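These come from TrEMBL:
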DOMAIN    B:32-255  domain 'HpcH/HpaI aldolase/citrate lyase'
BINDING   B:R93, B:E157  substrate binding site
BINDING   B:E157, B:D187  Mg(2+) binding site
Amino acid sequence: MPGRGLQVACWRGFHCSHTMKYHQRAAATPRRAIMYVPGYDDRKANKAATLTIDSIVLDCEDGVAINKKEEARVNIPKLLARTDFGSKDRFIRVNSRDTGLTEDDVSSILASNNLPDGLLLPKVNSVDDINWFCDLAARNGNLKSLNRPMILGVMVETAIAMLNLKEITSFKSNTFDLQCLIFGADDFLAEIGASKTENAMELMYARQHVILHAKAFGLQAIDMVYNNYKDLIGLQRQAIEGAKMGFTGKQVIHPGQIDIVQESFSPSKEQIEWAKALSIAFEDHQQQGKGAFIFRGQMIDKPLLLQANNILSLINNVNGSHTSS
Amino acid sequence: MPGRGLQVACWRGFHCSHTMKYHQRAAATPRRAIMYVPGYDDRKANKAATLTIDSIVLDCEDGVAINKKEEARVNIPKLLARTDFGSKDRFIRVNSRDTGLTEDDVSSILASNNLPDGLLLPKVNSVDDINWFCDLAARNGNLKSLNRPMILGVMVETAIAMLNLKEITSFKSNTFDLQCLIFGADDFLAEIGASKTENAMELMYARQHVILHAKAFGLQAIDMVYNNYKDLIGLQRQAIEGAKMGFTGKQVIHPGQIDIVQESFSPSKEQIEWAKALSIAFEDHQQQGKGAFIFRGQMIDKPLLLQANNILSLINNVNGSHTSS
Amino acid sequence: MPGRGLQVACWRGFHCSHTMKYHQRAAATPRRAIMYVPGYDDRKANKAATLTIDSIVLDCEDGVAINKKEEARVNIPKLLARTDFGSKDRFIRVNSRDTGLTEDDVSSILASNNLPDGLLLPKVNSVDDINWFCDLAARNGNLKSLNRPMILGVMVETAIAMLNLKEITSFKSNTFDLQCLIFGADDFLAEIGASKTENAMELMYARQHVILHAKAFGLQAIDMVYNNYKDLIGLQRQAIEGAKMGFTGKQVIHPGQIDIVQESFSPSKEQIEWAKALSIAFEDHQQQGKGAFIFRGQMIDKPLLLQANNILSLINNVNGSHTSS
């Protein structure tokens, strides 16, 4: 993807002034769906390259059995070299620190001349894990050849990670650009001994905790996997719920999940129409000296304008970013 | 409102002993509804003065368009001078720190001899914002003429504020008496990119996070605005829900919302009857040496007595505080 | 219960490697139900001894009226001496620090040669309260006669405790082995001025906050009391909900609640069958080099295996631990 620079802008528009110091990194590149593909599996990777999806993740971690780990980490640079993934963001997910496999992953993947757009570090428990990984990558890879920081996503999937989330999400570095906070719900549920239910009420706290921390530091917040890949109605319900909560995207595990997820994280026609009309009405009332006014039965003031602006920015990003490279 | 001293008491009664150090400031003045009135709008202010409502807020911030800001801050002291708001708490909401307008607000408002009962500082992101504001007010206003600390309410409406909430709510000063923590849901939703839904499930974490921090430090917790001012059934549902969660009051944006909100934050007849009967039964059983006993199908011990005492204290405050000045 | 050593194992199996440093203390002893019995009440204690329940708590605190406190603390050592509680865990709940009664409780109870298996400290607000209690116990009791640390459970029931929960749950000592974090919902509701509703939505944040902190440090998380002891359907619904959220057990206040609660915190036949089948399928697929695969309509990878392993470990513990002493 030659010439693809770092796309960084604040999609929240003018609203950001007072917190700009916290989220200069907020990414305008939409990542409504990110799909995992086992790093050794050329067939699935080639298929993925043909799909309309914002991001793909070539996986070395949980989607790869222990006896395929070496094959995956050797195959991924070749995949990146020969496959045209179009405008998709190409991430690689390495194995987590506790496995002892991360160093081999990094050596193989970052030594290549075909670097991905970003890296995902799973099972991050503390900012110390991120620092450890960045040091490892700096020692082993050829990141210096990049004319930009490497995009980084971190996955939080343990109880202790949730308790350390403020320091995790406020991570800063010159070499890595932390853009995504990804919620690994299945590992999290396993660790806290919980069971996934229909409405995922047992994850209410954790999901909103993740959103809150991501947004406080301008990161994208990526929601949990919906495991039952045949249940598209349940998928849609959960995706829309996540979007309304403030997630910016969702992990997918099957091509059949992509369209529903990407649509759920895009503004609807009704939302766009409402946002445009409100934006005009707000401007009119400001000129008349009215800070608050009634619009379609709701009392409107600046915060609702900001919500409208969010919708308009999002639709611009979704339409613009994946046709430009 | 001459002679109105600082009303400070712990409405939790004897329960407080072990945490008294944290909430000496807990206010007994009920603030079940607080209503915003644009600071430049004499007609609305005069109307508000005639209403039965616990608190009004003369607004310089989001209810006032940018070209009316000066008019609002000049008009407010005149309004306070000539208008009899009865026993209502009179707050002024200044513009937030990031706007660059706060200093002018403070200069105009606090230079007056007609000081309000309290000030609301919106979009507080950290305790540093509160300290900055208090310094500003001390330099510019005539707070020293007061024989009491100025009552302060802070609004939290950003993600970073939620992460800094413990230090915000534990703020202490000799000049300002922090009594209210107000949740600005619409700005918060805009910042985290969320959408308000019917049951507001996307705000579950944030609302309960606000209540928890407020109550840990003896502050009143004031719930979100219900924007659809014509939907009184929805308003009532959300107000009752907030009251049951532990909020002590709710922001309102229209006179038609006041009665429902104030009623929702007052104990019902059934609750009062239950509380009185339980209180008597508890005393009886204590004298018989029973710490736990069965009352109307429930196993009762001290914590349920405390809930009964809350109800009885609340009804006393509501009946008493607004007839005394 | 001679010869009963400290049962410490990680029921999460191999999943723990990366967080083992945080929860070496995770207890394998199931405490699905813990029931309070007033410390002065021999009849109830004798009855409790005959019941099939994981843990009983001889109470000095809220279940004991103020004029029975002395009787309770004197009676408890005698009860422990003469009563065979079988394999049950025997806890004693002392009065909280703020009452001024704890020292007398400790002097009476820990001076005895008939020590309980564990102590419960209620209304803990900070780790300082735990340290204070441990010092008190070390000075007054004969804990040195034990060949193991004393098991400790702490109850959190105030707003400030929730804000200090990370430091509370990371408490460590050589003399006490913190194993249980118990949520005192009724006191908590009283303090935050909330009201218990049918679905307990007002406690969503607090309950999941407790679970998260307990699990981050390897503690058991014990859910709230269901006060309406005649409503077994409501009890079951709440117990199952708590188990699915990640609680490991629940407080009970009536013998009629025990069976439903213990069953709710045990894996169902369907869960056990699913877990066994998935475990076998996972192993097969690993050998074929597949890290992710489809099983009964779900995409499975390592996290779901961990959930299956949890179920299998739990059923082993429940079957094993209470027949061995």
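Every residue gets a Cβ built from N, Cα and C, even glycine.
What TrEMBL says about a protein is an automatic prediction, not a curated fact.
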DSSP three-state assignment (helix, strand or coil) for B:E157 (substrate binding site):
coil
If you draw a 10 Å sphere on the Cβ of B:E157 (substrate binding site), how many other Cβ atoms land inside?
25
Just jot down the residues in the same chain as B:R93 (substrate binding site), at least 6 apart in sequence, with C-beta under 8 A of its C-beta; none if empty.
B:Y36, B:V57, B:L58, B:D59, B:C60, B:E61, B:L119, B:L120, B:L121, B:P122, B:M155
Once the chains shown are all counted, how many other Cβ atoms turn up within 10 Å of the Cβ of B:D187 (Mg(2+) binding site)?
25
Measuring Cα to Cα, how many Å separate B:D187 (Mg(2+) binding site) from B:E157 (substrate binding site)?
5
Whole-number mean of pLDDT values that fall within the domain 'HpcH/HpaI aldolase/citrate lyase' (B:32-255):
95
Reduced DSSP assignment, B:R93 (substrate binding site):
strand
